[in-house]
Amino acid sequence: FISKMGYPKQTQVQVLPESGETPLFKQFFKNWRDKEATDGMGVAYVPNHIAKIENVPFDVTVLHESPAMAAQHGMVDDGSGKKQIWRIENCEKVPVLESHYGQFYGGDSYIILYHYKSGGKQGQIIYTWQGDDSTKDEITASAILSAQLDEELGGGPVQVRVVQGKEPAHLISLFGGKPMIIYKGGTSREGGQTKDANVRLFQVRTSSSGFSRAVEVDNTASNLNSNDAFVLTTPSASYLWVGQGSTNVEKNGAKELLKILGVSASEIPEGQETDDFWGALGGKADYRTSARLKDKLNAHPPRLFACSNKTGRFIIEEVPGEISQDDLATDDVMLLDTWDQVYVWVGNEAQEDEKKEAIASAYKYIESDPANRDKRTPVAITKQGFEPPTFIGWFLGWEADYWDVDPLERAMAGLSS
């Protein structure tokens, strides 16, 4: 259905049991009524009477409860269990060499079978990782082959579909302390390996599980971030750039990445860059420089909320998992809470009412926080395409030209490829 409708490949699917519908789900039904529901102070609901949808103020205090986020970052174990990885080629599973475990190419799709123990019982997880540049046939085949593998194992495994850039913490932890490496595109299939670019930039960041992920990003200085470590490779030299707020885990992850890439690098602490370093990135540029201590980041991780009134009521829903640029809906207003500041991001197609409600809700959100937030916490408004480095820095692998192509065209292009 997602493919046929031309929706983005990363569209999330949520399964709801009967009588377990969420408020967000119910908003899309004009005449939804729960069993024994009443209007007002006990007035019985009349089935043939449909009330007019009114703009009801949203209770922002409920946003401070975050069970979805806790579930998203759950760890069944420490990632040291047995694993098998296959790459999808010609609609078949092809085993990946163990020496290449942990390396994922954006032009491929993979199936990862993981075995774990819980409460003395054996369990399995099937991760289906789908690259941004993977073809429609590969994506379809990965889903079918994952279902077949599940059947072969008796239907017991947990199946997890993973879109590039939305890797859960447990998946990142599976590679023996080495970083999970995600190449921007290309493929690793036999006889069809993509030639590496002359200049490459990798961003190394720690996940909530304490393991690192190395993501290839555009090789521009604006993608640097004081909170992370970076690896920059060129034909003449390579560099390990250490941000002031980066951790030892990230620094060590960058060193492991250098070993895998087969290059040696000069270590450059932030603030001690050479002209050659800046030259390889096309010159200096603004980037996120306000280093934030990692313990503070762990205590107050960034949270993203989508604001919409498309159903006739203004609602706000938290985006689960690690945030990515894909989560910013151009027809909505988004709230990004970085603790020290709350950003109101305005999509180009957002409605005027959404903008007004979102700004007001940002202030109410701060005031109602049970953690006793400083009421003076600044609220910044930024528009799509004009995001400052202080906003961009929270998103891993930000692409400056992401919205140059219409989302529907991008989705259709992915399907036709």
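Each Cβ is built from the backbone N, Cα and C atoms, and glycine gets one as well.
Quick caveat, the model's predicted, so the values are computed rather than measured.
Annotated features in Swiss-Prot:
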BINDING   Gly107, Asp108, Glu138, Thr187  Ca(2+) 5 binding site
BINDING   Asp150, Gly155, Pro157  Ca(2+) 6 binding site
BINDING   Asn227, Asp228, Glu250  Ca(2+) 7 binding site
BINDING   Asp331, Asp332, Glu354  Ca(2+) 8 binding site
REPEAT    93-171  repeat 'Gelsolin-like 4'
REPEAT    213-261  repeat 'Gelsolin-like 5'
REPEAT    316-392  repeat 'Gelsolin-like 6'
Just to be sure I understand the packing, how many Cβ atoms besides its own are within 10 Å of the Cβ of Pro157 (Ca(2+) 6 binding site)?
20
Cβ-centroid neighbourhood (8 Å) of the Ca(2+) 7 site, Asn227, Asp228, Glu250 excluded:
Gln203, Val204, Arg205, Thr206, Asn225, Ser226, Ala229, Gly243, Gly245, Ser246, Thr247
Does anything in the same chain, at least 6 positions from Asp331 (Ca(2+) 8 binding site), have a Cβ under 8 Å from its Cβ, and if so what?
Gly347, Glu349, Ala350
Grouping DSSP H, G, I as helix and E, B as strand, the residues of the repeat 'Gelsolin-like 5' (213-261) number 17 helix, 16 strand, 16 coil
Taking only the binding-site residues Asp150, Gly155, Asp228, Glu250, which one has a CA atom nearest to the CA atom of Glu138 (Ca(2+) 5 binding site)?
Asp150
Spatial separation of Pro157 (Ca(2+) 6 binding site) from Glu250 (Ca(2+) 7 binding site) - C-alpha basis, Å:
32
When the repeat 'Gelsolin-like 6' (316-392) is classified with DSSP, how many of its residues are helical, how many are strand and how many are coil?
24 helix, 18 strand, 35 coil
I'm trying to understand the geometry here, so how far is the Cα atom of Asn227 (Ca(2+) 7 binding site) from the Cα atom of Glu354 (Ca(2+) 8 binding site), in Å to the nearest whole number?
32
Whole-number Å only: compute the distance from the Cα of Pro157 (Ca(2+) 6 binding site) to the Cα of Asp108 (Ca(2+) 5 binding site).
23
Binding-site residues near Gly155 (Ca(2+) 6 binding site), in sequence order, restricted to Gly107, Thr187, Asp228, Asp332, Glu354 and a 10 Å Cα cut-off
none
Can you give me the Cα-Cα distance between Asp108 (Ca(2+) 5 binding site) and Asp228 (Ca(2+) 7 binding site) in Å, rounded to a whole number?
26
